[in-house]
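Database features (TrEMBL):
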COMPBIAS  1-13  compositional bias 'Basic and acidic residues'
DOMAIN    46-685  domain 'Major facilitator superfamily (MFS) profile'
REGION    1-28  region 'Disordered'
TRANSMEM  45-68  transmembrane segment
TRANSMEM  80-98  transmembrane segment
TRANSMEM  110-132  transmembrane segment
TRANSMEM  138-160  transmembrane segment
TRANSMEM  172-191  transmembrane segment
TRANSMEM  203-222  transmembrane segment
TRANSMEM  504-527  transmembrane segment
TRANSMEM  539-558  transmembrane segment
TRANSMEM  570-589  transmembrane segment
TRANSMEM  595-619  transmembrane segment
TRANSMEM  631-652  transmembrane segment
TRANSMEM  664-683  transmembrane segment
Amino acid sequence: KMDDNNKKEKEEIEQMTATENRCHEESPPAQTITTYVAVPPDGGWGWVIVAASFMCNVIVDGIVFSFGVLLNDISHEFKISIPQCAIAGSLLSGFYLIAGPFVSAIANRYGFRFTGIAGSVFASFTFAISSLAPNIEYLWLVYGVLGGIGFGMIYVPAVITTGFYFEKWRALATGISVTGSGIGTIIMGPITKKLINHFGWRGALLIQAGIILSCVLFSALYRPLKPIHVSVSNAEAEEAEEKTQLPLLQRIKVARDQLRKADSTVSIENEVGITAVQPTDLNKFLKANNNITYPTAAEVLHASSNEILSKSQDSLKMKEYLMNKDNKAKSEKRISITGCPEIAVKIEQNHTDDCEHLKEYLPDDELLSEHNNDDVFSAPKKQNKSATSTILASDVRRDSITIKYRPRTTSDSSYRSRRNTLTKLEAGVRPLYRDDIFFQASLNRLPQYLNSHGSGLDYTMSVTRLPTWKDVQEEEEAKCQLCPEAVRRTLATMLDMSLLRSPTFILFASAGFFTMMGLFVPFMYLADRAVGNGMDPELAVYLLSSIGITNTIGRIVSGAITSMPGMSSLVINNIALTLGGIATMMSGFSDSAAYQFTFAAVFGLSISCFASLRSILVVDLIGLEKLTNAFGLLLLFQGIAAAIGSPIAGMFKELTNSYDSTFYISGGLILLSGVMCYPLNYLKKWEENRAARKANECINS
């Protein structure tokens, strides 16, 4: 019986070898496997976007951080306490962070330009009607909650779009963009005070609404980044195959793994567009999964077999159909694999026995099943059943990847097919499908970028996750859907609670929560405390400007220091938070103007490090693949902290009739967050060792 099995296996291998040779002789010409990726231009219009993002940050953060200037006037008119009034400003600062994950999902589907313009109009409207507020509860809801959501719709595109346009110069571009926050703090405090003096607080809000409306113009400058067409032709695959010549059985083994990598659909004539297949174990609520369960463009087009086998393969598969212009008597299917030398298996589709024969070599029956014409990008309703279908891929060298734009043809039908295909594939390029979209520092810190050897395309493909075929279909059909897949997939990524199983992330997120609880207290109460202690109101407002000046300088300096070899971002963050917490607790020791301005300068410098190093710390501690997930949860947690921190601290002022206790609470929270960050590196190493032990136990068992 064993001899019979060996004989049968030998006959099958001989048949496949003969089939491979026939496919080489009869294969259609110049077939190509393709996908679309958005490669940042690192300049050009990108600098216009940097300027637009800078101005949006100036306006949004400037208004958020200057709310403390409005406290006395609003509280006097409504005859309420300062902490009650501060709730409106706290809700504004909290909800523009809480809205972050949801705004990111909207921007991923509808683009930065639409999201920014819609947010600008909405925020401007909420500020305008806030000027008509009859009571403080109205301000809490309209100014705080709704205004915060509008600000979030301006803030998130301003943060993301800069990184989407830059790679090589990302550190410089994002550095320029985020300094708008400090500049806004410098200028908006005095401006708001002048407006109150001339028009009252209601008039000031109305004018601020007009200023916010200018963000419509800045958001309109967020020009969508066009994807480029990346393809690997079978000629290149065959050249690579001739050089490597792996044994057939080894190629079959790699084929079984690699065919799970992507879902591909015909684009035009002899080109094949690649999309990802939806994993089967979906999030039950969102019906989508975290981005890391989908393949990258690099994995599909030219990842090595070792890299492929190390990824999650169960959620990926490949289905490919390609029409041949020459009608043949019998239909053939040629199957090749990305990530390994090309192998070909011819299937007589009119005979089910041949399909059954290949089941043991391929991942599942679906790969060999007949597909309806509707599953094809640009195939007509009626197709010749003898059309040749091909799956093509190869383990190609980096320099054999070709990048090209599809030229228009003179044929109207061909042009429409190309145009529709381009529309669908462009729809598949989503900003939030990039693993590094929230990374705001130099990419030279990332192993993925260093391993690309300076090739921007290689790096971009390695961090760009493919959209699913359903995602592309939804874009093409342009139907009004409550929650499209591009939105659901982003939410599933940013709000994936499985990250809370990591002790490192829990500690880091808890530290960030306490930091944000204390961070907004000086912005809210510093000027009012100084006026209560005898400082001229016109001078006290410049305390906020002092915070903004050193905040701007600190962002630049901390970015430059962390880019130096051997400098630890975590150490700098810990020192900054410790000094900031101690300085805040000691801020009430003297009422002199010099002392208060010194405190403001030290505080601004310390919080700048926390803000600018956040994405770097996430990548260092958790990894680039989990950056988007971590950022979404951090925005959520820190938004809640910002919303409750200032009112809670203000309650102690009412209880003690002094701001000293308020600043003790604020400083203590910031100091606690700094202390909590000290063991993060040790906890990370412990967590890695624990994971390694569990992996070894699973292997040994």
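Even glycines carry a Cβ here, placed using N, Cα and C.
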Result, the transmembrane segment (570-589) in contact with the transmembrane segment (138-160) (3+ CB pairs under 8 Å): no
Candidates 45-68, 203-222, 631-652; stretch with most C-beta pairs under 8 Å toward the transmembrane segment (110-132): 203-222
Proximity verdict for the transmembrane segment (570-589) and the transmembrane segment (45-68), three or more C-beta pairs under 8 Å: no
Long-range environment of the transmembrane segment (539-558) - Cβ separation under 8 angstroms, sequence gap at least 6: 65-66, 68-69, 175, 178-179, 181-187, 189-190, 192-193, 522-523, 526-528, 530-531, 572, 576, 593, 596-597, 600-609, 611-613
Closest-packing stretch to the transmembrane segment (172-191), where packing means Cβ pairs under 8 Å, from 45-68, 203-222, 664-683: 45-68
